[in-house]
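Novice: Grabbed the feature section from Swiss-Prot, which reads as follows:
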- PHE1: 3-phenyllactic acid (MOD_RES)
- ASN4: asparagine amide (MOD_RES)
Amino acid sequence: FLRN
């Protein structure tokens, strides 16, 4: 979720 950090980069999505």
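Just so it is clear, glycine is given a Cβ too, placed from its N, Cα and C backbone atoms.
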Novice: CB neighbours of the residue listed as '3-phenyllactic acid' within 10 A?
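Specialist: The residue listed as '3-phenyllactic acid' is surrounded by 3 other Cβ atoms within 10 Å.
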Novice: Would you identify the secondary structure of ASN4 (asparagine amide) according to DSSP, in three states?
Specialist: coil
